[in-house]
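Step one of this worksheet: look at the structure below.
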Amino acid sequence: MVAKWCVLAMCLLVAVGADKCPRATDQEAKQKRMLEVLQHVNKPYVAETKDPKIPAGSEDVFKHLGILEKHEVFSLFDERQWDEATTAAVYMLTAPSFDEFIDRAEIVRHRINEDMFYYAFSVAAVHRDDTRGINLPRIHEIYPDKFLKHKVIVEVKNSINSGQEDPLIDATHEFTDLRDPNSKLHYFLEDVGLNSHHYHWHVIHPAVWQESLEELTHQHKDRKGELFYFMHHQMVNRYDAERLSNGLPRSTTFENWNDPIETGYAPHLTIDRTGYRYQFRPDNLVVRDLPELTKNHMRQWRDRILYAVHRGEALAANGSSVSLRDERGIDVLGNMVESSLQSINRPFYGNVHCYAHVIAARIADPDGKYGEDNGAMYDVATSARDPLFYQWHKFIDNLFHEYKDALKAYSSEDLTYNDITIEEVNVQGEGGSPANTVTTFLENSIVHLDEGFSFTARGHARVKVQHLQHEGFNYQIKVNNAGGEHKVVFRVFLAPKYDEEHHEFDFNEQRGMAIELDKFVATVPAGSSTVEQHSSKSSVTQSNDNFYGSSATRSSENHCSCGWPDYLLIPKGNHQGVQFNVYVIATSYDEDHVESDESCHCGDSLSYCGALYDKYPDRRPMGYPFDRHADAQTFDEFKTKNMNSVTVTIKHTGEVKDA
């Protein structure tokens, strides 16, 4: 008997009456007007509209706008730009009607940096009631020159200027340089969807969100600090899984700021309209003090955070102590480490996460002596391309590991689900592979470039890019239920089985590398049954159409369009096959569910993106039960009867297919 299943978004809730977060009305008409505003961003060859006047009564607002120069790149990591970005976003977010929102957007657009405008407009649009669910162009559609190398942009420009109509440029030819081991990872580091996801996550959960905005919008960002920890923790784990798949050691931690950064990086990115060229970082440079920030400040902030972690309490701005040992502790710590405006004491705990991005991005010209532009680490849209991003976030991750390791390990009683036994787990691919073998391959997709960019002045163009893809597969979970019918939450993780030296991981080391693949609910009848779930229904990912489709045709079924690319759900593996453990843990729906309205959820990717306007619909800590130190050396010692695992081999076929 196959049990009924439903995704967590559908089940971990108790919704009564009308939707709390209904989608906006007149979506098509509103989307058209919003696209008309955005069509001018980064497009000098679109006819400009008349500069609207500042309305009476708004003069004080505009005293704080126009500070960041037009030719610069906006950085959410650079705190000096936060006030202006927040002012712009709040001014648009608090417009009393949709028409007023559009009017305010046009006024703001003419007066601030375009890069900053796109971010502020996106934050406002995502969080306004009357624009909820309306799809906007993603960052790679507005700024394709932040995602496509400059040589590709030049080829596009030359093709159009020579008279070609709708040319197709092939950007799939990337070569591995044996002198640069990280060149094996271009398919991951420079993936359009991965970097677009990272940018959009920071739109959904902006660091500049604060209590005053919650009061204005009546929207509480539930567990935002914990989401910052977990999403970036998962990015680091996924990066290390790709490194192991390519025969590379796991990334090192960037933690001693006096040591040379061994890994250089050349972005090969230029904003064509302005000539802004992302800085190249040679091997073995050492970060230096900035005029506005010293490394000693960074060390002081780090030490204060670690002191709070080890004491189990943090110092609030009003002088009171805030416990880090209760269920809110990880969220409080997440806001402190991200250095968001929801940090309980920003003057004391500082801005260690964001300013490390800034200090690393200016490593070759820290004081601006040579007039160089900043590196990829400076920009949220480009930072995840740089291997240093993962080394830095591994340091950030270690702050959270210190915290988690200080918590009491889960006992067998904590972990056991009395009536439920998982008897067997299998993973079955759809491509004819043997059981518990899944194949990956390369897939070609098309990035569409609209007319009006400096490189598409005379027409549209298309660019063929290549990304990882995998065959579809099913989880097959054999369950025995010793009681009556149960609603069960199934948590699915994947972790590499062997390290770079081909030694099997100790369980505590492995659980820290676990990648969440899915989290879903099934109604399990009494007795024996089999629960099946398809990989395409993952609670972690969003569909490929959100990256390579048109904003006009994308589904508006969820408010966020947030999540990891579906095609990167599993690591690449290799031709011989890389072994991973898939773990499945069953927990009680009755204990886990949180009263939450489905209409408010980020429908594509609950695990990474949460609920935009409501409670996170899962009571357990993110990453449970692998989030804490275990008093066990192996999974067999750790597991209870409601857990099981299987070894899965991921093989890369080397095939290239068209999407």
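Glycine is no exception: its Cβ is also placed from the backbone N, Cα and C atoms.
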In Swiss-Prot, C609 sits in a disulfide bond; tell me which of C562, C600 is on the other end.
C562
Hey, Swiss-Prot has Cu cation A bound by H198, H202. Any idea which of H150, H232, H233 it lists too?
H232
Among C562, C609, the disulfide-bonded residues in question, whose Cβ has the most other Cβ atoms within 10 Å in this structure?
C609
According to DSSP, folded down to helix, strand and coil, what is C562 (disulfide bond)?
coil
Comparing the binding-site residues H353, H357, H393, which residue's C-beta has the most other C-beta atoms within 10 angstroms in this structure?
H357
Euclidean distance between Cα atoms of C609 (disulfide bond) and H393 (Cu cation B binding site), Å:
18
Is it possible to get the count of other C-beta atoms within 10 angstroms of the C-beta of N318 (N-linked glycosylation site)?
8
Distance, C609 (disulfide bond) to H353 (Cu cation B binding site) (CA atoms, angstrom):
20
